[in-house]
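Enquirer: Got a structure for you, questions after.
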Amino acid sequence: MSKVRTGLLVLLGLIWLAPVYLLIVNASKSVDGYDAKTVWKPAGFSLFANFGDAWSKAALGDTLVATTMYSVVAPVLAVLIGAAAGYAIVVLRLRRGFLWFVFIFGGTIFPLQMILMPLFSGYANSGLYDTRVGMIVVYTAISVPFSAFVMRNFFTGIARSVFEAAVVDGGGLFRIFRSIYLPMAGSALAAIFILQATFVWNDLLLGLTLSQSESVRPIMPALTGLQSTYGGAALPTVLAGGLLVSLPTVILFLAAQRFFSRGLALGQF
(Lines of atoms letter the chains of each structure in order from A and count residues from 1; the text may use other names and numbers.)
(Lines give C-alpha, C1' and ligand atoms only; values in the text may rest on other atoms or scores of the structure.)
Protein backbone atom coordinates (compact mmCIF):
# COMPACT_ATOMS: atom_id res chain seq x y z
CA MET A 1 0.00 0.00 0.00
CA SER A 2 2.87 2.36 0.79
CA LYS A 3 4.30 1.91 -2.72
CA VAL A 4 0.91 2.68 -4.26
CA ARG A 5 0.58 5.76 -2.09
CA THR A 6 4.08 6.89 -2.98
CA GLY A 7 3.37 6.37 -6.67
CA LEU A 8 0.17 8.40 -6.45
CA LEU A 9 1.97 11.22 -4.65
CA VAL A 10 4.71 11.23 -7.29
CA LEU A 11 2.10 11.28 -10.05
CA LEU A 12 0.22 14.16 -8.43
CA GLY A 13 3.51 16.02 -7.97
CA LEU A 14 4.37 15.61 -11.65
CA ILE A 15 0.90 16.79 -12.69
CA TRP A 16 1.30 19.87 -10.50
CA LEU A 17 4.84 20.59 -11.75
CA ALA A 18 3.99 20.19 -15.46
CA PRO A 19 2.46 23.70 -15.87
CA VAL A 20 5.35 25.20 -13.91
CA TYR A 21 7.82 23.44 -16.20
CA LEU A 22 5.99 24.67 -19.31
CA LEU A 23 5.93 28.21 -17.94
CA ILE A 24 9.66 28.32 -17.21
CA VAL A 25 10.75 26.55 -20.42
CA ASN A 26 8.67 28.70 -22.77
CA ALA A 27 9.35 31.92 -20.89
CA SER A 28 13.06 31.21 -21.47
CA LYS A 29 12.73 30.95 -25.25
CA SER A 30 13.32 33.84 -27.60
CA VAL A 31 10.35 35.27 -29.46
CA ASP A 32 11.73 34.01 -32.77
CA GLY A 33 12.63 30.62 -31.31
CA TYR A 34 9.19 29.84 -29.92
CA ASP A 35 7.27 27.07 -31.67
CA ALA A 36 3.89 25.80 -30.47
CA LYS A 37 4.84 22.29 -31.62
CA THR A 38 7.86 22.09 -29.30
CA VAL A 39 6.52 23.61 -26.09
CA TRP A 40 7.97 20.77 -24.01
CA LYS A 41 11.51 21.16 -25.37
CA PRO A 42 13.95 23.78 -24.04
CA ALA A 43 15.42 25.97 -26.77
CA GLY A 44 17.93 28.63 -25.79
CA PHE A 45 17.81 30.87 -22.73
CA SER A 46 16.39 34.37 -23.14
CA LEU A 47 14.58 34.54 -19.81
CA PHE A 48 16.19 37.73 -18.52
CA ALA A 49 15.77 39.47 -21.86
CA ASN A 50 12.10 38.50 -21.81
CA PHE A 51 11.86 39.81 -18.24
CA GLY A 52 13.16 43.16 -19.46
CA ASP A 53 10.75 43.26 -22.39
CA ALA A 54 7.76 42.44 -20.21
CA TRP A 55 8.84 44.98 -17.58
CA SER A 56 9.14 47.83 -20.06
CA LYS A 57 6.31 47.05 -22.49
CA ALA A 58 3.72 46.41 -19.76
CA ALA A 59 4.98 49.28 -17.57
CA LEU A 60 5.25 46.89 -14.63
CA GLY A 61 7.34 49.35 -12.64
CA ASP A 62 4.42 51.77 -12.37
CA THR A 63 1.93 49.10 -11.34
CA LEU A 64 4.31 47.32 -8.97
CA VAL A 65 4.28 50.17 -6.44
CA ALA A 66 0.48 50.33 -6.41
CA THR A 67 0.05 46.55 -6.20
CA THR A 68 2.55 46.28 -3.35
CA MET A 69 0.64 48.97 -1.47
CA TYR A 70 -2.68 47.18 -1.99
CA SER A 71 -1.23 43.80 -1.02
CA VAL A 72 0.16 45.12 2.27
CA VAL A 73 -2.25 47.80 3.48
CA ALA A 74 -5.56 46.10 2.61
CA PRO A 75 -4.72 42.71 4.23
CA VAL A 76 -3.37 44.42 7.37
CA LEU A 77 -6.56 46.46 7.72
CA ALA A 78 -8.71 43.40 7.02
CA VAL A 79 -6.86 41.35 9.63
CA LEU A 80 -7.21 44.02 12.31
CA ILE A 81 -10.87 44.76 11.58
CA GLY A 82 -11.72 41.07 11.31
CA ALA A 83 -9.94 40.28 14.58
CA ALA A 84 -11.80 43.10 16.33
CA ALA A 85 -15.12 41.85 14.95
CA GLY A 86 -14.44 38.26 16.01
CA TYR A 87 -13.36 39.47 19.46
CA ALA A 88 -16.52 41.52 19.88
CA ILE A 89 -18.82 38.66 18.85
CA VAL A 90 -17.19 36.01 21.04
CA VAL A 91 -15.78 37.81 24.07
CA LEU A 92 -18.28 40.62 24.52
CA ARG A 93 -21.21 38.29 23.85
CA LEU A 94 -23.06 40.81 21.76
CA ARG A 95 -26.80 40.72 21.70
CA ARG A 96 -27.89 38.58 18.76
CA GLY A 97 -24.25 37.66 18.30
CA PHE A 98 -25.16 34.63 16.18
CA LEU A 99 -27.06 36.85 13.76
CA TRP A 100 -24.02 39.11 13.48
CA PHE A 101 -21.93 36.03 12.76
CA VAL A 102 -24.34 34.88 10.04
CA PHE A 103 -24.35 38.39 8.56
CA ILE A 104 -20.55 38.47 8.42
CA PHE A 105 -20.33 34.91 7.09
CA GLY A 106 -22.76 35.89 4.33
CA GLY A 107 -20.05 38.12 2.91
CA THR A 108 -18.01 35.01 2.07
CA ILE A 109 -20.88 33.19 0.34
CA PHE A 110 -21.79 35.47 -2.55
CA PRO A 111 -19.37 35.43 -5.50
CA LEU A 112 -17.65 38.66 -6.40
CA GLN A 113 -19.25 38.69 -9.85
CA MET A 114 -22.70 38.92 -8.26
CA ILE A 115 -21.97 42.19 -6.46
CA LEU A 116 -19.69 43.70 -9.09
CA MET A 117 -22.21 46.07 -10.70
CA PRO A 118 -23.60 47.50 -7.42
CA LEU A 119 -20.04 47.77 -6.18
CA PHE A 120 -18.94 49.67 -9.28
CA SER A 121 -21.94 52.01 -9.09
CA GLY A 122 -21.33 52.95 -5.47
CA TYR A 123 -17.59 53.11 -6.05
CA ALA A 124 -17.93 55.52 -8.98
CA ASN A 125 -20.56 57.73 -7.32
CA SER A 126 -18.39 58.15 -4.23
CA GLY A 127 -15.55 59.66 -6.26
CA LEU A 128 -13.18 56.77 -5.52
CA TYR A 129 -12.96 55.46 -9.08
CA ASP A 130 -9.38 55.08 -10.32
CA THR A 131 -7.80 56.07 -6.99
CA ARG A 132 -5.41 54.10 -4.80
CA VAL A 133 -7.45 54.88 -1.69
CA GLY A 134 -10.54 53.51 -3.39
CA MET A 135 -8.78 50.27 -4.35
CA ILE A 136 -7.56 49.80 -0.78
CA VAL A 137 -11.08 50.41 0.57
CA VAL A 138 -12.61 47.84 -1.80
CA TYR A 139 -9.95 45.18 -1.19
CA THR A 140 -10.27 45.69 2.57
CA ALA A 141 -14.06 45.47 2.52
CA ILE A 142 -13.99 42.27 0.48
CA SER A 143 -11.37 40.67 2.75
CA VAL A 144 -12.96 41.54 6.12
CA PRO A 145 -15.76 38.89 6.14
CA PHE A 146 -13.34 35.99 5.73
CA SER A 147 -10.98 37.46 8.31
CA ALA A 148 -13.80 37.99 10.82
CA PHE A 149 -15.13 34.48 10.22
CA VAL A 150 -11.75 32.85 10.89
CA MET A 151 -10.97 35.01 13.93
CA ARG A 152 -14.40 34.37 15.43
CA ASN A 153 -13.74 30.62 15.18
CA PHE A 154 -10.29 31.05 16.70
CA PHE A 155 -11.43 33.16 19.64
CA THR A 156 -14.23 30.66 20.34
CA GLY A 157 -11.52 28.13 21.19
CA ILE A 158 -10.01 30.36 23.90
CA ALA A 159 -11.38 29.64 27.36
CA ARG A 160 -13.71 32.28 28.77
CA SER A 161 -11.71 32.17 32.00
CA VAL A 162 -8.81 33.91 30.22
CA PHE A 163 -10.95 36.98 29.59
CA GLU A 164 -12.49 36.91 33.07
CA ALA A 165 -9.09 36.66 34.75
CA ALA A 166 -7.82 39.62 32.73
CA VAL A 167 -10.86 41.67 33.76
CA VAL A 168 -10.27 40.82 37.42
CA ASP A 169 -6.67 42.00 37.05
CA GLY A 170 -7.96 45.37 35.89
CA GLY A 171 -7.53 45.03 32.15
CA GLY A 172 -9.75 47.07 29.86
CA LEU A 173 -11.45 45.62 26.80
CA PHE A 174 -8.99 47.15 24.33
CA ARG A 175 -5.96 46.27 26.43
CA ILE A 176 -7.11 42.65 26.78
CA PHE A 177 -7.62 42.49 23.03
CA ARG A 178 -4.25 44.06 22.26
CA SER A 179 -2.10 42.35 24.91
CA ILE A 180 -3.68 38.91 25.23
CA TYR A 181 -5.93 37.90 22.37
CA LEU A 182 -3.95 39.29 19.44
CA PRO A 183 -0.63 37.68 20.56
CA MET A 184 -2.40 34.35 21.09
CA ALA A 185 -3.81 34.54 17.55
CA GLY A 186 -0.50 35.36 15.88
CA SER A 187 -0.38 32.27 13.65
CA ALA A 188 -3.99 32.66 12.55
CA LEU A 189 -3.43 36.34 11.78
CA ALA A 190 -0.34 35.50 9.72
CA ALA A 191 -2.21 32.82 7.76
CA ILE A 192 -5.07 35.22 7.01
CA PHE A 193 -2.62 37.92 5.91
CA ILE A 194 -0.86 35.54 3.51
CA LEU A 195 -4.13 34.38 1.96
CA GLN A 196 -5.53 37.88 1.57
CA ALA A 197 -2.26 39.35 0.27
CA THR A 198 -2.11 36.59 -2.34
CA PHE A 199 -5.72 37.29 -3.34
CA VAL A 200 -5.06 41.02 -3.76
CA TRP A 201 -1.82 40.48 -5.67
CA ASN A 202 -3.42 38.02 -8.10
CA ASP A 203 -6.67 39.95 -8.56
CA LEU A 204 -7.66 40.69 -12.13
CA LEU A 205 -11.41 41.36 -12.10
CA LEU A 206 -11.47 44.30 -9.67
CA GLY A 207 -8.35 45.79 -11.19
CA LEU A 208 -9.89 45.81 -14.66
CA THR A 209 -13.21 47.19 -13.40
CA LEU A 210 -12.22 49.81 -10.85
CA SER A 211 -8.98 51.27 -12.22
CA GLN A 212 -7.76 52.81 -15.45
CA SER A 213 -4.52 54.76 -15.05
CA GLU A 214 -1.16 53.00 -14.85
CA SER A 215 -0.35 54.50 -11.44
CA VAL A 216 -3.51 52.95 -9.93
CA ARG A 217 -3.95 49.76 -11.95
CA PRO A 218 -2.83 46.51 -10.27
CA ILE A 219 -0.19 44.38 -11.88
CA MET A 220 -2.41 41.61 -13.30
CA PRO A 221 -4.44 43.92 -15.59
CA ALA A 222 -1.13 45.28 -16.84
CA LEU A 223 -0.17 41.76 -17.92
CA THR A 224 -3.49 41.44 -19.72
CA GLY A 225 -2.65 44.55 -21.70
CA LEU A 226 0.67 43.00 -22.67
CA GLN A 227 -1.03 39.90 -24.02
CA SER A 228 -3.67 41.77 -26.00
CA THR A 229 -1.04 44.04 -27.51
CA TYR A 230 1.49 41.44 -28.62
CA GLY A 231 -0.67 38.32 -28.91
CA GLY A 232 0.69 34.82 -29.44
CA ALA A 233 3.65 36.02 -31.53
CA ALA A 234 5.36 37.23 -28.34
CA LEU A 235 4.11 34.49 -26.04
CA PRO A 236 7.54 34.05 -24.36
CA THR A 237 7.36 37.71 -23.29
CA VAL A 238 3.86 37.21 -21.88
CA LEU A 239 4.92 34.05 -20.02
CA ALA A 240 8.03 35.78 -18.69
CA GLY A 241 5.82 38.56 -17.36
CA GLY A 242 3.56 36.02 -15.67
CA LEU A 243 6.55 34.28 -14.13
CA LEU A 244 8.01 37.57 -12.96
CA VAL A 245 4.89 38.79 -11.17
CA SER A 246 4.29 35.40 -9.54
CA LEU A 247 7.67 35.40 -7.79
CA PRO A 248 6.69 37.78 -4.92
CA THR A 249 3.81 35.57 -3.79
CA VAL A 250 6.03 32.48 -3.93
CA ILE A 251 8.70 34.24 -1.87
CA LEU A 252 6.06 35.43 0.62
CA PHE A 253 4.72 31.92 1.10
CA LEU A 254 8.17 30.37 1.49
CA ALA A 255 9.22 33.05 3.99
CA ALA A 256 6.05 32.69 6.07
CA GLN A 257 5.38 29.00 5.49
CA ARG A 258 5.88 28.14 9.16
CA PHE A 259 3.21 30.61 10.28
CA PHE A 260 0.83 29.56 7.51
CA SER A 261 1.15 25.86 8.36
CA ARG A 262 0.68 26.62 12.03
CA GLY A 263 -2.46 28.61 11.25
CA LEU A 264 -3.88 25.74 9.19
CA ALA A 265 -3.03 23.29 11.99
CA LEU A 266 -5.26 25.29 14.31
CA GLY A 267 -8.20 23.97 12.31
CA GLN A 268 -9.93 27.32 11.94
CA PHE A 269 -10.05 27.37 8.11
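Even glycines carry a Cβ here, placed using N, Cα and C.
So TrEMBL has the following annotated:
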- 64-256: domain 'ABC transmembrane type-1' (DOMAIN)
- 69-91: transmembrane segment (TRANSMEM)
- 98-121: transmembrane segment (TRANSMEM)
- 133-151: transmembrane segment (TRANSMEM)
- 180-201: transmembrane segment (TRANSMEM)
- 233-256: transmembrane segment (TRANSMEM)
Enquirer: Which listed stretch (69-91, 98-121, 180-201, 233-256) has the most C-beta pairs under 8 A with the transmembrane segment (133-151)?
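Expert: By Cβ pairs under 8 Å, 69-91 leads among 69-91, 98-121, 180-201, 233-256.
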Enquirer: In the same chain, which residue numbers or ranges, 6 or more beyond the ends of the transmembrane segment (233-256), come under 8 angstroms Cβ to Cβ?
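Expert: Residues 23-24, 26-31, 34, 46-47, 50-51, 53-55, 57-58, 60, 68, 190, 194, 197-198, 201-202, 219-220, 223, 226-227 contact the transmembrane segment (233-256) from elsewhere in the chain.
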Enquirer: Counting only residues 6+ away from its ends, which parts of the chain sit with a Cβ under 8 Å from the transmembrane segment (180-201)?
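Expert: Result: 67, 70-72, 74-76, 78-79, 82-83, 87, 91, 139, 143, 146-147, 150-151, 154-155, 158, 162-163, 166, 171, 218-220, 245, 248-249, 252-253, 256, 259-260, 262-264, 266, 268-269.
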